[in-house]
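K.L.:
Quick one: the structure is below, questions incoming.
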Amino acid sequence: MAESSLTTGHDIELKTPYQHGSDVAVTEGKVSGDSGTGSDGERWGQDVLDMQRLGKQQEFKRNFSFISALGFVSIYMATWEFVLVSLSVGLANGGFAGLFWCFITTVLCYGTVVASLAEMASMAPTSGGQYHWVSEFAPPQYQKVLSYASGWMSTLGWIASLASSVYVCGTQIQAMVNVLEPNEVMTPWQLTLVMFAVIAITIVFNTVGAKFLPMLETVSLVGHIAGFFVVLIPLLVLCPKNSAHDVFVHFEANGGWSLGPAYLVSQVTVIYCNLGSDSVVHISEEVEDASLVVPRCMFWSFVYNVLLGIVMLIVMLFCIGPLEDVVNSDVPYLLLFNNTGSPALSIVLNVILFLLIYSGNVTALATSKWNIPFNAVYGTSAGCVILALIQLGSTLAFDIIVSLSVLGLMSTYLLSIGCVFLKRLKGEPLPYARWSLGRWGFWINGFALFYSAFLLVWCCFPSYLPVTASTANWAPLVWVLVILVSYIVYVLYGRRNYTAPVEFVEGRKAAGVGLQSSS
């Protein structure tokens, strides 16, 4: 199948590869058929054709527009918010300049991963995301087992991501207390209980309040953008400033690593700040015109979140105060807010940051298990509770959970991109993509594949040296254990009972196979 130059899908062509006939009637830009057309018997033509090609029933209402879907992914990414709360590893392992240049180079490399995933979301706009893509694009003999593994890794990544955000919310509550009571320190058990409370409230939003989530995402998008300026302006106006030399030129490794490895270890938390573009994929079947809207949301949310993140990073580095104080602080961003000279303003800025990051928690749980029986929400939350217990035995619990989140999600990116790259390498046809990488697809996929593998290696390194039992990075051990458990479950159960998504795809499914449903 010939590839065109890079497109963003301004034309609405109704194309369905792998298809040998259709019982769907197309009339005046809409489609009527038997693939779950909703109360009025109609859906936008491309959505119906995409669902038919994927062999899936339309079971959910498509109530997410471009704006609400953009809000969904943007508030989950929350790049500028996480720049403030999660980059202490980079500050210790490179100083101000090391963190700044690590951020720039990392987002440029990671952008190829996002672009590759966005194209796949256009080829196959399904809520299954990576586990479907691997199933459809992997070599036939590996489709089932790799799809099964991808599903496990994706779930692990999103649960760990939720757990890390919950941890951040807990430390933010502690930071607000410390503004007024500097000597008051939460014990590990107290922080654990606060995290449990945050999880419980998040469950309520995703069960009782689930019908309000599209509206919440739109409101959160407005808050995400407005909050950026509300936080940025007081910092610029009120805080004393570090020198430009310190921010852009002076490198300093204080984490035990030499500068080279320190720079590479810092990539992990930078990726974490920019992770989550594919969260919108998991509501694809609830988005109008998904094969165009979803990849656009993925790519452009990444671009504008990165731009906001870079601006906030520069402001933070100029305004946070001496590097020595930052490295020795348990909560560096509290130094930043306190540098305004106003305890009341510091609390206000913390509250704004807390509310925005908590909104991302709601999205994270929705991404893990969206619009399905409540026991799945409870199961996901239980996994988060287990990961929250890590901080009882480790002084670097947040770094471990971050590494685990990146390991889980980057594993699925590696598998998905690798499968598409292999098809391009062999010259095999790919489904039509309205948002296409065109002639650059081979090179972008190739670099994204290399970078994903490279990053997985650095996720396994400890953040600081020397290493003790309480400062070790236990994320690789958890990751490997989950891989082993998933393989055992596959051998004992999945190999006989798991039906891979590709078995329903038009042109791939056996005669007489109907549409896939969740029932």
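Cβ from N, Cα, C; glycine included.
Predicted, not measured: the structure shown is a model, and the values here were computed from it.
From TrEMBL, for reference:
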- 66-92: transmembrane segment (TRANSMEM)
- 98-118: transmembrane segment (TRANSMEM)
- 191-213: transmembrane segment (TRANSMEM)
- 219-238: transmembrane segment (TRANSMEM)
- 302-323: transmembrane segment (TRANSMEM)
- 343-364: transmembrane segment (TRANSMEM)
- 376-394: transmembrane segment (TRANSMEM)
- 400-422: transmembrane segment (TRANSMEM)
- 442-465: transmembrane segment (TRANSMEM)
- 471-493: transmembrane segment (TRANSMEM)
K.L.:
For the transmembrane segment (343-364), name the stretch out of 66-92, 442-465, 471-493 with the most CB-CB pairs under 8 Å.
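P.N.:
Top-ranked stretch among 66-92, 442-465, 471-493: 66-92.
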K.L.:
Cβ under 8 Å to the transmembrane segment (302-323), counting only same-chain residues 6 or more beyond its ends: which ones?
P.N.:
74, 77-80, 83-84, 87, 91, 95-96, 99-100, 103-104, 107, 111, 114, 228, 231-232, 235-236, 239-242, 246-247, 252, 254, 273-274, 277, 332-333, 335-336, 339
K.L.:
To the transmembrane segment (98-118), which of 400-422, 442-465, 471-493 is linked by the most Cβ pairs under 8 Å?
P.N.:
442-465
